[in-house]
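This is the structure I want to talk about, given as structure tokens.
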Amino acid sequence: MSLDIVILAAGQGTRMRSALPKVLHPVAGNSMLGHVIHSARQLQPQGIHVVIGHGAELVRERLAADDLNFVMQDKQLGTGHAVAQALPALTADTVLVLYGDVPLIEVETLQRLLAKASDQQLGLLTVTLEDPTGYGRIVRDEQGQVTAIVEHKDANDAQKAIKEGNTGILALPAARLADWMGRLSNNNAQGEYYLTDVIAMAVADGLVVATEQPHDPMEVQGANDRRQLSELERHYQLREGRRLMAQGVTLRDPARFDVRGEVTVGRDVLIDINVILEGKVVIEDDVQIGPNCVIKNTTLRKGAVVKANSHLEGAVMGEGSDAGPFARLRPGSVLDAKAHVGNFVELKNAHLGEGAKVGHLTYLGDAEIGARTNIGAGTITCNYDGANKFKTVMGEDVFIGSNNSLVAPVEIKAGATTAAGSTITQTVEAGDLAVARARQRNISGWKRPEKTKKS
């Protein structure tokens, strides 16, 4: 069975009180529409058609991809009208309708719904709620068969008492869709063309309406304002936390933990409070992450330790290495096994060999540091001349004294030592000691300046 997916994303979202189109508001670091597209792709459809309207150019710009077909809805005349705009592009056997502001929908739920769809059967996703205010109500006959959906504003008191609501997510036989779209009417309280009216048409045409429900009602929760957006955010984070804990991660407090990307984890991982994981993060077995850390697009090998208040982006920490507290690893930073980065150390495009140590108060940029090398406190690689970047290379077993300035391009060869306070501008040969500082001069009888007395 071939599949086309239509995602409705044309709404303005006036209750957001924002210049940003509603579907671009983020949940867990990705736009709501981005989450829906991600789920849609996992169903491997032959086409994904995104119906856009308000802020159309910005939506195109943010989400442009070869596998997306953007369809313009110039006037927002209802969900039925929106789907009708995509009709000319639909060629598959089945059409699945999704919503760009319903980001938590699970792929497994959609797969169950699609299994209900066929030439003679329409799949409808419903949800049972204690308070279904705002939802269209599912009307069933005495045999329990769905006969219609009545929108909340059009429902009478008896219909409003129904707890089963319409999510709007449908799996439809494409061969019948054009006919149903042509028969839609806007004779209702909203003056809009409701997609839900196809349910009654399908029943009249002899089709069965088969329903499915999500395991969690929050899967089908939309966001019309920022309060609802925050509820989606927190639910997503708790769901991701449960997923990671099921895979062997200890979260000190799942309510104080955020995932904003794709996270792969091993077993016996410990994550403390207020940790944010962004982008693609790989965490292997026995890793420990202290409180208040931000880790983005980074790989943490087995047994690595990230201490409190550290910020890592585009980095790789090797097996048994450690960083922090208050460490910053910028893109291109690589720590080999058992390398150590201490407090208030910043690395950028720097490679630390196995067992290398950078204890504290140091900046290393565009640097290659050999195994077992020790970098003293206050060391800085001077890698930028105002126009170009240059590299600093240190061999194995180098000892850099405290408060050194290493003016790149420069090489300090294996086993060399630099004295504290040195400014190194030339190659230091293997095993040599480099002393590059002014000789101390003491001035006897010197008197400190005195403050001028005010008249």
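Yeah, the Cβs are placed from backbone N, Cα and C, and that goes for glycine too.
As annotated in Swiss-Prot:
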type	residues	note
ACT_SITE	HIS360	active site, proton acceptor
BINDING	8-11, LYS22, GLN73, 78-79, 99-101, GLY136, GLU151, ASN166, ASN224, ARG330, LYS348, TYR363, ASN374	UDP-N-acetyl-alpha-D-glucosamine binding site
BINDING	ASP101, ASN224	Mg(2+) binding site
BINDING	ALA377, ASN383, TYR384, SER402, ALA420, ARG437	acetyl-CoA binding site
REGION	1-226	region 'Pyrophosphorylase'
REGION	227-247	region 'Linker'
REGION	248-455	region 'N-acetyltransferase'
Long-range neighbours only, meaning 6 or more apart in sequence with Cβ under 8 Å: which ones does GLY78 (UDP-N-acetyl-alpha-D-glucosamine binding site) have?
ASN186, GLN190, GLU192, TYR193, TYR194, LEU195
In sequence order, what residues of the same chain, 6+ apart, have a Cβ less than 8 Å from the Cβ of TYR384 (acetyl-CoA binding site)?
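Expected: GLY365, PHE390.
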Using ARG330 (UDP-N-acetyl-alpha-D-glucosamine binding site) as the reference point, find which of the binding-site residues ALA377, ASN383, SER402 has the shortest Cα-to-Cα distance to it.
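Nearest by Cα distance to ARG330 (UDP-N-acetyl-alpha-D-glucosamine binding site): ASN383.
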Does anything in the same chain, at least 6 positions from ALA420 (acetyl-CoA binding site), have a Cβ under 8 Å from its Cβ, and if so what?
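Residues satisfying the criterion: GLY376, GLY401, SER402, ASN403, ASN404, ARG437.
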Using a 10 Å cut-off on Cβ-Cβ distances across all protein chains shown, tell me which of the binding-site residues (LEU8, ALA377) has the largest neighbour count.
LEU8
With acetyl-CoA as the bound species and ALA377, ASN383, TYR384, SER402, ALA420, ARG437 as its recorded binding residues, calculate the greatest Cα-Cα distance and give it in Å as a whole number.
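Across ALA377, ASN383, TYR384, SER402, ALA420, ARG437, the two farthest Cα atoms sit 22 Å apart.
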Select one residue from ASN224, ASN383, SER402: among these binding-site residues, choose the one with the most other Cβ atoms within 10 Å of its Cβ.
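It comes out as ASN383.
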Please compare the binding-site residues GLY11, GLY100 by how many other CB atoms fall within 10 Å of each one's CB, and tell me which has the fewest.
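Counting other Cβ atoms within 10 Å of each of the binding-site residues GLY11, GLY100, the minimum falls on GLY11.
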Which numbers of helix, strand and coil residues does DSSP report for the region 'Linker' (227-247)?
20 helix, 0 strand, 1 coil
Measure from the Cβ of ARG330 (UDP-N-acetyl-alpha-D-glucosamine binding site) and count the other Cβ atoms within 10 Å, all protein chains considered.
16
Which residues of the same chain, at least 6 positions away in sequence, have a Cβ lying under 8 Å from the Cβ of the residue listed as 'active site, proton acceptor'?
GLY342, ASN343, PHE344, VAL345, ALA377
How long is the line from the C-alpha of GLY100 (UDP-N-acetyl-alpha-D-glucosamine binding site) to the C-alpha of ASN383 (acetyl-CoA binding site), rounded to the nearest angstrom?
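Spelling it out, the Cα of GLY100 (UDP-N-acetyl-alpha-D-glucosamine binding site) and the Cα of ASN383 (acetyl-CoA binding site) are 46 Å apart.
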